[in-house]
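Undergrad: The following block contains the structure, expressed as structure tokens.
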């Protein structure tokens, strides 16, 4: 297929403006450092604690962090090189090669990130809606992740095939400079692939997280009804032996009042915990979906404009800016998917405490024999003494304990 070359103005043979280069390169280098360090910290914690990678959910999360490290190591430096390398007449061939590798990395990042986020959404849907009979078993998860990597690596080679990289006619694709832009549709199949991957991932995320919220509400309502029925039947059965025991009227009235107060306080605490869990799940779901939309929607919109209107210097520069926004997911993923897990936070806190203790323990003890205790390092120190709790009858305590377990 023959592709015509768009007429490019003389500005196409000049590099990007200095302010554009400095600002965008600074943002990309900051994302590289923060994204690489945070994802590497998560992987080190997972490798150091063997009990962390003990489920399908942790396995798919680790797979996402491995992808983010590859993006920081391979794709971000290529984007910086595309921005900084000048486009002159003598370097057209080298620029075209660099552009092919850059477009391949962008395609790999876009498709792989969308598919991995989609897999995490399906895993959370499976564990929330079908906790007893999960469809995503460890073996199926391994096969699914292998298929994800196979698809991601396959789309990596698509820009090389479009640009005739293995022939004498190497083309510049979406880089400012060189001999202009090729406007044939055969040059931009990789853009046409990225757009539906993004929309499919968004649709799956909206569906799965909405069903997770619905399942959470249904489970809480059913749990409350079942707990009320069990408590009533258990209380009626447990209080029958005490009805035959001769107790003064005043003692029975005090015990009944105390039991009612304890039951009310526990019911209020359980209800507050449930509402807090609902708010937490809703907030995290909205944050995860909004982050993915905010980072990748602008890039997908520019890809649609390039497919409809054709490439231009302004659209290509805008695409680089939105690509820097999309790379921001390498920073947000550890915060959203890793550090929100209680086990990982506990492991990180333990390692930090051990590190601080090793730095502080220079001498065995002060020379005066006085030992200075650090409550933060030593785990919080002594707890405050709790006020004694008024005990109720054995039958009431057994009733309330079984209700809480339900």
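Note that Cβ sites are derived from N, Cα and C of the backbone, with glycine treated the same way.
Pasting the feature list from TrEMBL:
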| type | residues | note |
| --- | --- | --- |
| COMPBIAS | 233-243 | compositional bias 'Polar residues' |
| DOMAIN | 38-337 | domain 'G-protein coupled receptors family 1 profile' |
| REGION | 231-250 | region 'Disordered' |
| TRANSMEM | 20-48 | transmembrane segment |
| TRANSMEM | 60-83 | transmembrane segment |
| TRANSMEM | 95-120 | transmembrane segment |
| TRANSMEM | 141-161 | transmembrane segment |
| TRANSMEM | 187-209 | transmembrane segment |
| TRANSMEM | 284-310 | transmembrane segment |
| TRANSMEM | 316-339 | transmembrane segment |
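If you look at the structure here, what lies around each of the features I listed?
TA: Listed as Cβ neighbours of the transmembrane segment (20-48) (distance under 8 Å, sequence separation of 6 or more from its ends, same chain) are residues 58, 62, 65-66, 68-69, 71-73, 76-77, 79-80, 83-84, 317, 320-321, 324, 327-328, 330-331, 333-335, 338-339, 344, 347-348, 351.
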Undergrad: Would the transmembrane segment (60-83) count as touching the transmembrane segment (141-161), if touching means at least three Cβ pairs under 8 Å and pairs must be 6 or more apart in sequence?
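TA: The answer is yes, given that the two segments have at least 3 Cβ pairs within the 8 Å cut-off.
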Undergrad: Would you kindly list the residues that approach the transmembrane segment (284-310) from elsewhere in its chain, counting only those six or more residues past its ends and only Cβ-Cβ distances under 8 Å?
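TA: Result: 6, 110, 113-114, 117, 174, 181, 183, 185, 188, 191-192, 194-195, 198-199, 201-202, 205-206, 209, 212-213, 318-319, 322-323, 325-326, 328-329, 332, 336, 340.
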